[in-house]
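Heads up, the thing below is written out as structure tokens.
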Amino acid sequence: MSKQILILPGDGIGPEIMAEAVKVLKRIDAQHGLGFQLVYDELGGTAYDKYGSPLADETLERARGADAVLLGAVGGPQWDTIDPALRPERGLLKIRSQLGLFANLRPALLYPQLADASTLKPEVVAGLDLLILRELTGGIYFGQPRGNRTLDNGERQAYDTLPYSESEIRRIAKAGFDMARLRGKKLCSVDKANVLASSQLWRAVVEEVAKDYPDIALSHMYVDNAAMQLVRAPKQFDVIVTDNMFGDILSDQASMLTGSIGMLPSASLDANSKGMYEPCHGSAPDIAGKGIANPLATILSVAMMLRYTFARATAADAIEHAVGKVLDQGLRTADIWSEGTTKVGTVAMGDAVVAAL
């Protein structure tokens, strides 16, 4: 029986990078006889333009029925002035929560060919390979109450709420320990337990879960220190587990250790490893339509999809090796280009990866 993948190109550079990822997916499908069925729909700004909503009900049903979802990127300035509840990003938050995608995997891996692209000294980042596991469906982005009000003195005030339940923390902590077991057996839990009540519960529950993983070395770190340590000595980390907002910030920071966010894939998984896969970068409306966007993060997201949802590690390895081969050939999109390498566009980079397969 064929496996169904829902393709959501999204906004900005999304359709351009998705076209290259789909080329790679079709080639790997043909080579390995995977039998994927691809279904297309809209999410974000393009969905708002087409359906009047950033996530249409029928799109959500297609996502529920699919085995995996592959997303480009959402957002753009043309939707900045619409009702906040209908902005592209709300569609992304809704599909994550409705599909129960609570675990966001964001690797920060430095390809040796791109060591010069990092703004840090080569000796600080050489060999970097860490994974940030971000809780994705709780915390301050979803917490209620939230809103705006006018105080008695006429001053405007805005407020948000940062709640976490024991069960939400337990399941992401367990996922963190499981990932650490597959990697270097080190887990660092990042919180702000010196100030936040939610972080105090977070730390307590992580400690409880740790009792089931005696083989994993657990450490705790405050988020401000973690941000500093990521720049000072990033190779001390193997797996970092943290809440929604801290993970959002730290994973973007970690991405630049590698030289370009255009290289980094991500996976968002439910309890059964059904997932949505997308590049870590945004929709980059400033370069949309110019044919210069880096498709490698989206292509590597396909590899993550094959690995985590479909358990096809050999096919995933083939894509990752093909990306390495293309970098060995000196091909670079503008964001990772340096003197002595060959600058290519989005389509040429996608074609090169297909050829390397």
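Note: Cβ is positioned from N, Cα and C throughout, glycine not excepted.
Per Swiss-Prot, the feature NAD(+) binding site maps to 76-89, 282-294; the stated evidence is sequence analysis. DSSP gives ILE292 (NAD(+) binding site) a coil state; it is part of no helix or strand.
Residues annotated as substrate binding site in Swiss-Prot: ARG96, ARG106, ARG134, ASP224. Long-range C-beta contacts of ARG134 (substrate binding site), restricted to its own chain and to partners at least six residues apart, with a cutoff below 8 Å, comprise ALA103, ASN104, ARG106, THR242, ASP243, ASN244, PHE246, GLY247, ASP248, LEU250, SER251. In the three-state DSSP assignment, the secondary structure recorded for ARG134 (substrate binding site) is strand.
Residues annotated as Mg(2+) binding site in Swiss-Prot, with sequence analysis given as evidence: ASP224, ASP248, ASP252. Every protein chain considered, the tally of other Cβ atoms within 10 Å of the Cβ of ASP252 (Mg(2+) binding site) stands at 16.
TYR141 (site 'Important for catalysis') carries a helical DSSP state (H, G or I). According to Swiss-Prot, the site 'Important for catalysis' annotation covers TYR141 (among others), on the basis of sequence analysis.
Same-chain residues at least 6 positions away in sequence with a Cβ under 8 Å from that of LYS192 (site 'Important for catalysis') are, in sequence order, SER199, TYR222, VAL223, ASP224, PHE246. DSSP classifies LYS192 (site 'Important for catalysis') as coil under the three-state reduction. Sequence annotations record features per position, and here Swiss-Prot assigns site 'Important for catalysis' to LYS192 (among others) based on sequence analysis.
Counting every protein chain shown, the Cβ of ASP248 (Mg(2+) binding site) has 18 other Cβ atoms within 10 Å. The binding-site residues under consideration are GLY76, PRO84, PRO88. Their Cβ neighbour counts within 10 Å are lowest for PRO84. All protein chains shown were included, and the count of other CB atoms within 10 Å of the CB of ASP224 (substrate binding site) stands at 13. Set side by side, the binding-site residues ALA284, ALA288, ILE292 differ in how many other CB atoms lie within 10 angstroms of their CB, and the most is found at ALA284. Under the DSSP three-state reduction, ASP80 (NAD(+) binding site) is assigned to coil, being neither helix nor strand. Note: the Cα of ARG96 (substrate binding site) and the Cα of TYR141 (site 'Important for catalysis') are spaced 12 Å from each other. Each of the binding-site residues ARG96, ARG106 was scored by how many other Cβ atoms lie within 10 Å of its Cβ, and the smallest score goes to ARG96.
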